[in-house]
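To start, the structure under review is shown below, and the notes come after it.
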Amino acid sequence: TTFTLSNWVPPTHFITTDILNVWAEQVQTATEGRVEIRMLPKPVGTPAQHWELARKGIVDITWGNFTYEPDRFKSIWFAEMPFNGEDVEASSVALWDTYEKYLASNPTYADVKMLGVGVLGPGVINHGSKAIVSTEDMANQKIRMGGPIQKRLIEELGAIPIAAPATKAYELLAGQVLDGSLHSLESVVNFRLTEQLSHHTLIPGGFYDGTFFLIMNEGKWKRLSAADQATVMSVSGTVFSRLWGQVFQREIDQAYAQLREEGHQFSQPTEELMAKIGLVRQQMIQDWATEHDSYGIEQPLEMFDYYRQRYTDLSK
Amino acid sequence: MKFLIHSFQSTIRFLLILSLSAMVMLTFGDVLGRRLFNTPIYGAHDLTEHLMALIVFCGLPLLTSVRGHLAVDLFDRFIMQPKMAWWRACISLMVATILFLIGYQFAVAAKEAVYIQEVSQELLIPRYYLYTVMSVSGFISGVAALLPESNNNMNNSDSAFTKSPLSEESGL
Amino acid sequence: MMTGLIALIAVLALAFLRVPLAFALLGVSIIGLGVLLGAESSMSMVSMTITEAVFSYELAVVPLFILMGNVLSRTGISSDLFRAANAYLGHVRGGLALSTMVTCAGFSAVCGSSLATAATMSKVAYPSMKKYGYSNSLASASIAAGGTLGILIPPSIILMIYGILTQTNIGQLFVAGVIPGLLGLTFYMLAIYVIAILRPAEAPRGKNSTAAEKYSAVKGVWPFCLLFILIIGGIYAKIFTATEAAGMGAGFALLVSMFQKRMSIVDFKVIFLDSAFTSVMLYCVLFGAMLFAKLIAFSGLGESLLDMVAQADLSPYQLIFAILFVFLILGCVMDSLAIILICVPLFIPIVIANGFDLVWFGIVVVVVTEIALITPPIGMNVFVLKAALPEVAIKDIFKGLIPFIAVDVLRLLLLVFFPILTLFLVNFMK
Ligand code: NA
Ligand code: NA
């Protein structure tokens, strides 16, 4: 069987070459060629439409970011909170375990087969002209952000949030529409923003995180024999999440080294800024937990604790 | 009936002018606000997108009723002959079918948007509202495609939809 | 691959049979995707694709540029420009035709459309040229040719659509269009000058202008100069994105025309409705083109073409000429927007695979489709002109266009072999 895959990053991007292609090859080898994956030459929808594309079976397999649809996947917001940790592999695998245990049966995730999840890695505050170390430095800065958690963080720290996809950051920074932009270090390099973002504030544990999925249309999945399903899962699930985490970690480490070499300025936040972020985080988690009825999770804080525990167990 | 159609069309025109003016003012205000006072309008992009959707789907029934869609008129001398009337009817039918399909699909999309909590990126405005407008517009346009061509000369002072080089041609 | 090929032929056939382009594209795509993916998937792609197009901030610029062009063309700024150009150039050989060219180029700098440029200029420049005894053929041909400058000199709606289709930076495309556009203007003016020397009877001298006349003529065009500086300067200096430049341009044009009392409430209504109307039409075609591009992606036609090209072992330049040839042939029978919408998604993978610059390719493609606007049998600019000037025979316009087409081909070759002409300013901008 050949499955179509819609991919919305360019063919040269490391997600294509080092994650999706590698995984597709593993699937093909493991099933001895019974399952093949054909990547379409261009994405057949916006990044935000990629969940629906697979759910409706227009494309068989897609990947994407959960919070590109701002309200839909509220149940997974816990994994995008500040201070979730800097070990990307551990975060990604912990998220997979949490998904399996708490979310797989949630109606929000119905009609698709989850093949793997992953996280972005620690979010960094990047600025074009000055080091952001205190809340004072943040005041009135126009900062690009890409999700509900990031928006709230920026607002509560007194800056001005501007919503735009990371792909637009270059144009907006060049046009001085933005003063700064939230990215992981890897994205600063991969979206070619090194010239425009020269100051990076590394928040211990991460300023925020991002969550990603790899899914398959459930109807298509069910057409595979039980044996083939098991074989596909032997290279997906935990294995995919680990691959994802490893590749992202490698990219982040390389980006860090490269930016260092290019003379970028790295700063640490003041205790005051850390305390403020911690306060906002507390508030966000509380608000998120009280809303649990809207996303159908009985004990959201228990789920969050489980995620934190898995991360601690997995990270060295 | 005629009066009803006329006032309906006037309302749509008014909406079109309003949406487009709002778009200009929004961009103008956003850029000036950002440059001069360091206060961009939060959600300006989001609002622009909504206005655009409104413009397109308010304009669609009118455009369809005056047969204003871009067409290649290379063989007009042949296709406009009386004996080709059947083919022109086929075209109208095909256009109407597609427009009805669009109307139906957006009705489905509106229903799903509630279920999957689809909202806009910045201002988190539910998509459900506009999908409903788009669905209704699709159905009205489908009917307009089946009705005879409207000349739309009821009021000469605002005859923007009579064919001028700027609107008749692709203008590109 | 077969589905893709059949679909391509079906779209072309239906379009020629006068099915509105938007619906030819939509209908064929729905059926084609139904064959490949099943009816349900195909149908749900219709609403998803329309949503994708409608809720796109980048595309929302299009109406703003259209509005700006309409405001300026309805408020008589083109006559002011012509008067100013004429004050300086009128007295030389072929002066009125030269002024027409300069005015076309100037007007193009605020208007995104060739046809609108040609239509406007036919009203502004043609009567003067006739008054001074220009031949029908030269007078009309210079307007038809001058109109084609409209889609290259920024802003340009076609370049914008190309940028969105290929995810190329629109600001860079605009900046890249400047030199090829000015090159076109220079070549056209040289052609006119040569004609005026060879056949003086066709292009007599106009009258001399006094210093006072020159001064007052120039005074009338300051809003236009400001606008040009605002838009191109703003994009070039990275003060605005292309999107913002459109909004600022439209807003500024409206303010100026209200300030100078060039517009009544009725004008205002007509201009806004007209712009909305044109935008809706454009969006409908885009819905179709985007869905069609997805059908092509699923059908594997692009990959097959890529394989074929690899097997044919063409050199990159043979390849580019083969692609340009297809555009030129289609251009003889189709409108440039339609060609770009249908063919660019098909050829882009090949262009990328052979390492060509997408900004450069965009400009070259636009030049080719521009040439198509003035070549027989179907030259949209010629038809617009014929509609505006019923007394001129189509045959005469085409005859007059021969020298202009010749210099256009020369310009095309220069642009193909010297990409630096296109990319110079862009590199500078980076
Ligand atoms: Na232009
Ligand atoms: Na032609």
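Placement of Cβ uses the backbone N, Cα and C atoms for every residue, glycine included.
As recorded in TrEMBL:
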- C:8-419: domain 'TRAP C4-dicarboxylate transport system permease DctM subunit' (DOMAIN)
- C:54-73: transmembrane segment (TRANSMEM)
- C:138-164: transmembrane segment (TRANSMEM)
- C:170-196: transmembrane segment (TRANSMEM)
- C:217-236: transmembrane segment (TRANSMEM)
- C:242-259: transmembrane segment (TRANSMEM)
- C:271-297: transmembrane segment (TRANSMEM)
- C:317-346: transmembrane segment (TRANSMEM)
- C:358-380: transmembrane segment (TRANSMEM)
- C:400-426: transmembrane segment (TRANSMEM)
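When Cβ-Cβ distances below 8 Å are used as the criterion, the transmembrane segment (C:358-380) is approached by residues 114-115, 144-145, 147-148, 151-152, 156, 158-159, 162-163, 166, 168-169, 172-173, 176-177, 180, 184, 320, 324, 327-328, 330-336, 339-340, 344, 348, 351-352, 398, 401, 404-405, 408-409, 411-412, 415-416, 419, 422-423, 426 of the same chain, each at least six residues removed from its ends. Taking pairs at least six residues apart, the transmembrane segment (C:271-297) and the transmembrane segment (C:242-259) share fewer than three Cβ pairs below 8 Å and do not count as touching. Under 8 Å from some Cβ of the transmembrane segment (C:170-196) lie the Cβ atoms of residues 58, 61, 93-94, 97-98, 101-102, 105, 108, 138, 142, 145-146, 148-149, 152-156, 159-160, 162-164, 202-203, 232, 235-236, 238, 241-243, 359-360, 362-363, 366-367, 403-404, 406-408, 410-411, 414-415, 421-426, 429, all in the same chain and six or more residues away from its ends. Non-local neighbours of the transmembrane segment (C:242-259) in the same chain are 57-58, 60-62, 64-65, 67-68, 71-72, 75, 110, 155, 160, 163, 170-171, 174, 223, 226-227, 230-231, 234-235; each lies 6+ residues outside the stretch with a CB under 8 Å from one of its CB atoms. Nonlocal intrachain contacts for the transmembrane segment (C:54-73), taken as residues 6+ away from its ends with a CB within less than 8 angstroms of a stretch CB, comprise 107, 110-113, 116, 120, 155, 157, 160-161, 164, 170, 224, 227, 242-243, 246-247, 249-250, 253-254, 257, 263, 271-272, 274-276, 278-279, 282-283, 286.
Within the chain carrying the transmembrane segment (C:400-426), a Cβ under 8 angstroms from the stretch's Cβ atoms is held by residues 135-142, 144-145, 148, 172, 175-176, 178-180, 183-184, 187-188, 190-191, 194-195, 236, 317, 320-321, 324, 357, 359-360, 363-364, 367-368, 370-371, 374-375, 379, 382, all 6 or more beyond its ends. Taking Cβ pairs closer than 8 Å, the transmembrane segment (C:138-164) reaches residues 56, 58-59, 61-62, 65-66, 68, 97, 100-101, 103-105, 107-119, 121-122, 125-126, 129-130, 170, 173-175, 177-178, 180-182, 184-185, 188, 192, 195, 202-203, 231-232, 235, 242, 245-246, 249, 282, 286, 336-337, 340-341, 344, 362-363, 365-367, 369-371, 373-374, 379, 381-382, 384-385, 389, 392, 396-397, 399-401, 404, 408 in its own chain, all 6 or more past its ends.
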